[in-house]
Amino acid sequence: MRKVTLTLSAIALALSLNGAAMAKVHMPEVVSPGVTVTELAHQQPIKWVSVAEIEKSLEGQAPMAVGFDIDDTVLFSSPGFYRGKLEYSPNDFSYLKNPEFWEKMNNEWDKFSMPKQVGIDLVQMHLKRGDTVYFITGRTQTKTETVTKYVQEGLNIPADKMQPVIFAGDQPGANNKVSWMRDHKLKIYYGDADADIAAADELNIRGIRILRAANSSYQPLPKAGQFGEEVVINSEY
């Protein structure tokens, strides 16, 4: 009986000490509603799609021609654009009209660009299907370029499967990508910009949005999914 009494006393003491300790735990002042992991997982009501789901949607279809934008779609190329702005027009965006900048960007500064994982995954998926992959960029064309080289190396594209990068250029009031997309009979086009989705819509082909990284030099960020297009999940990197 004495052992039982001592045991119960020990338990009671432990509980009382634990309660006292709990009562003394300091908690900071609550200053915001906070968020749970479940709440973080809630997405906007748009058409999210994964690479695997895109691949599944193409099952049974013959090989086709597909296209990709480059900057912020398959390459994070902001380092070069950031450098160009600082060097040629720190107070505005006139550097984008400067031929000297484009000579640098198209021939040297892509060595600082990082391939996006979503670009690698999508391109490899299409190559596995036997699709022909084209890259159409809004960059200004230059006499020479190494963009094709860096895209091929960064996305692990075999030399015999790599098409030369198409430089559509950027003219106010015109979407220069449309004619190239039409000429190459694209069935799908991936891009981060509203103009990419608009070009696909104009040709009535499947336009799929890639998320632009939040730290991209190309601001403001577009509203992905606003046109009802599919948006690739986790495609910001």
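Just so it is clear, glycine is given a Cβ too, placed from its N, Cα and C backbone atoms.
Model, not experiment: these values are computed from the prediction.
Of the residues Asp183, Asp192, Asp194, Swiss-Prot puts just one in the Mg(2+) site with Asp69, Asp71: Asp192. Among Lys104, Lys111, Lys161, Lys177, only Lys177 appears in Swiss-Prot as part of the substrate site alongside Thr137, Gly138. Of all the recorded positions listed here (Asp69, Asp71, Asp192), Asp69 has the Cα closest to the Cα of Thr137 (substrate binding site). Residue annotation for substrate gives Thr137, Gly138, Lys177. The furthest Cα pair among them is separated by 8 Å. Cβ contacts within 10 Å of Asp71 (active site, proton donor), excluding its own Cβ and spanning all protein chains shown: 25. Within 10 Å of the Cβ of Asp69 (active site, nucleophile) there are 24 other Cβ atoms, across all protein chains. Taking Cβ-Cβ distances under 8 Å and a sequence gap of 6 or more within the same chain, the neighbours of Asp192 (Mg(2+) binding site) are Asp69, Asp71, Asp72, Thr73, Arg209, Ile210, Leu211, Arg212, Pro222. Around the Cβ of Gly138 (substrate binding site), the same chain contributes Asp69, Asp71, Ala168, Gly169, Asp170, Asn176, Lys177, Ala193, Ala195, each under 8 angstroms and 6 or more positions distant in sequence.
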